[in-house]
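Only one structure is covered here, and it is reproduced in the block below.
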Amino acid sequence: MTKFIFVTGGVVSSLGKGIAAASIAAILESRGLNVTMLKLDPYINVDPGTMSPFQHGEVFVTDDGAETDLDLGHYERFIDSTMTRRNSFSTGQVYENVIAKERRGDYLGGTVQVIPHITDEIKRRIHEGAAGYDVAIVEIGGTVGDIESLPFLEAIRQMRSQLGRNNTLFAHLSYVPYIAAAGEIKTKPTQHTVKEMLSIGLQPDILICRMDRKMPADERRKIALFCNVEERAIVGSYDVDSIYECPEMLHDQGIDNIITEQLQLNVQQADLTAWKKIVHAVKNPKHTVKIAMVGKYVDLTESYKSLIEALKHAGIHTETDVQITFVDSESIEKNKGDVSVLKDMDAILVPGGFGSRGVEGKIAAVRYARENNVPYLGICLGMQIALIEYARDVAGLKGANSTEFDLKCAAPVVALIDEWQTADGSVETRDESADLGGTMRLGAQEVELKAGSLAVKIYGSGHIRERHRHRYEVNNNYVSALEQAGLVIGGVSAGRERLVETIELPNHPWFFACQFHPEFTSNPRKGHPLFTAFVKAALNNKKA
């Protein structure tokens, strides 16, 4: 029978529930358990796919093509399980399914209500996502006390009642602030958030206290007394230099022993050797490189969370401190293409994105990298930008652009394809009037690499599988002209469309761009060959 750990948060949002939950999962996995994780989001959007990065941060894409919360990225980076669409759902999805059932007549004319119909749907989805695993860690988004979270909290209350204390555990993350003016740690916010939980029938079994320092014994005893939680189950989650220190930090306070005792799990002791090696590599780099990330969401770096982590992973595997400088592509555009900010950089990366804002600034960055032999990595839009720049400045295609930015451009080298074959062989279609939600090329796709290409050298294989999230493609009508001008198409989709997947420049020290998102499959234990190769290229450029 699957055991459930429910992780909730109180006082304020953005405390790091996802990291805490993933760290617990990593510890339990090291004890030999088969662990999965679920994220329940209270917003009414069906998924975050159409939400602004400024509102939501990164949209993480699963292997089967679900657009999900960035916390699923943390889950995959911390444990070996691969997330799917079953590992994430929102209020919007729950209501959508319940309403569809009502329209079909599944409820036999009954009145459809939050309890039991919505809560039953939530429980069904939790059980569905957890099926086949020893332990399922379920993170409830939002903050306890919010109206939006109430159906989810009621659902997990019912699960405790139905499954019992030995099959369910509540871990609540709370903020314990230090008031500098008074020189005191304040426990009152934690007392109040636990009071809020108790009012809806939830008693925390573990309290994880988010702090900027280690918790003194007096405060631990005080919280235990007033919150009716065992003193040993008051666990500090304090600021650390790297999130990959968190599993060891929580393990050192015995959190996994509390969990295994309550859930009656007879398992081996934790072995965090791999995590200790990762932390040692993070803290003891032998080299340093400066990489410019040129994008338009630089004011909210959470928009590039997986990308930032993938570069850090490459740093771990090359013993390198990867220092990222975020460059606003709009500022380059406004300064008439001035790229002087890039002159001290060892490499340049243009990430994915949507819309025309800042595009010309990104094109200027690509031009600088190409003309000055600076290692360049383009991802998704970053590949399309590189291709547009090459088409204009090398191939001589006047008016080259993407129809995303200029529907009537003279040379649409990037355009919206209206039909393509999915991984399962089915055919999907779309046009300019199609809904934005769920109409992209999403999830893992097969890619065939060209023999002798840089792509094959990087991956060590002629066939790879990478995740995608995009709506526009390289226009195959222009591929021949671009190849004649010296551009190498290093990879194409395995389907009948033969869509361009990677491009490279043969006479450049290291210039590579891909249509897919390799950052979604990088983790600190293994890294990813593309990012490792990119950081090595940056190191070589620095030495040169």
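Any Cβ shown, glycine's included, is placed from N, Cα and C.
The active site, nucleophile feature in Swiss-Prot is assigned to Cys380. The C-beta environment of Cys380 (active site, nucleophile), restricted to residues of the same chain at least 6 apart in sequence and closer than 8 Å, consists of Pro351, Gly352, Gly353, Arg469, His470, Cys514, Gln515, Phe516, His517.
The active site annotation in Swiss-Prot covers His517 (among others) and rests on sequence analysis. In the three-state DSSP scheme, His517 (active site) falls into the coil class.
Around the Cβ of Glu519 (active site), the same chain contributes Ser306, Leu307, Glu309, Ala310, Ile379, His528, Phe531, each under 8 angstroms and 6 or more positions distant in sequence. Taken from Swiss-Prot, the feature active site applies to Glu519 (among others).
There are 14 other Cβ atoms within 10 Å of the Cβ belonging to Lys186 (UTP binding site). The DSSP secondary structure for Lys186 (UTP binding site) is coil. The UTP binding site annotation in Swiss-Prot covers Ser13, Lys186, Thr187, Lys188, Pro189, Thr190, Gln191, Lys222.
As annotated by Swiss-Prot, CTP binding site applies to Ser13, Asp146, Ile147, Glu148, Lys186, Thr187, Lys188, Pro189, Thr190, Gln191, Lys222, with the evidence given as sequence analysis. The local packing around Thr187 (UTP binding site), expressed as other Cβ atoms within 10 Å of its Cβ over all shown chains, amounts to 22.
Look at Swiss-Prot and you will find Ser14, Leu15, Gly16, Lys17, Gly18, Ile19, Asp71 tagged as ATP binding site, backed by sequence analysis. For the recorded site, Gly16 (ATP binding site), the DSSP three-state label reads coil.
Cβ neighbour count for Asp71 (ATP binding site) (all protein chains, 10 Å cutoff from its Cβ): 26. Taken from Swiss-Prot, the feature Mg(2+) binding site applies to Asp71, Glu139, supported by sequence analysis.
Cβ neighbours within 10 Å of Gly353 (L-glutamine binding site), excluding its own Cβ and spanning all shown chains: 22. Sequence annotations record features per position, and here Swiss-Prot assigns L-glutamine binding site to Gly353, Leu381, Gly382, Met383, Gln384, Glu404, Arg471 based on sequence analysis.
Annotation source Swiss-Prot lists domain 'Glutamine amidotransferase type-1' at 290-544.
The feature region 'Amidoligase domain' is assigned by Swiss-Prot to 1-265.
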Exercise. Counting every protein chain present, what is the number of Cβ atoms, excluding its own, within 10 Å of the Cβ of Ile19 (ATP binding site)?
Worked result: 20
Exercise. Could you give the Cα-Cα distance between Lys17 (ATP binding site) and Lys188 (UTP binding site), in whole Å?
Worked result: 20
Exercise. Any idea which of the binding-site residues Ser13, Thr190, Gln191, Gln384 has the thinnest Cβ neighbourhood at 10 Å?
Worked result: Ser13
Seminar exercise, completed: Reading the DSSP string in three states, the entry for Gly353 (L-glutamine binding site) is coil
Exercise. What's the CA to CA span in angstrom from Leu15 (ATP binding site) over to Glu404 (L-glutamine binding site)?
Worked result: 37
For this session: Tell me, in order along the sequence, which binding-site residues from Ile147, Thr190, Lys222, Met383 have their CA within 10 Å of Ile19 (ATP binding site).
Result: none
Exercise. Do any of Thr190, Leu381, Gly382, Met383, Glu404 (binding-site residues) have a CA within 10 A of Asp71 (ATP binding site), and if so which?
Worked result: none
Exercise. Quick one, of the binding-site residues Gly16, Gly18, Pro189, Gly382, which Cβ has the fewest other Cβ within 10 Å?
Worked result: Pro189
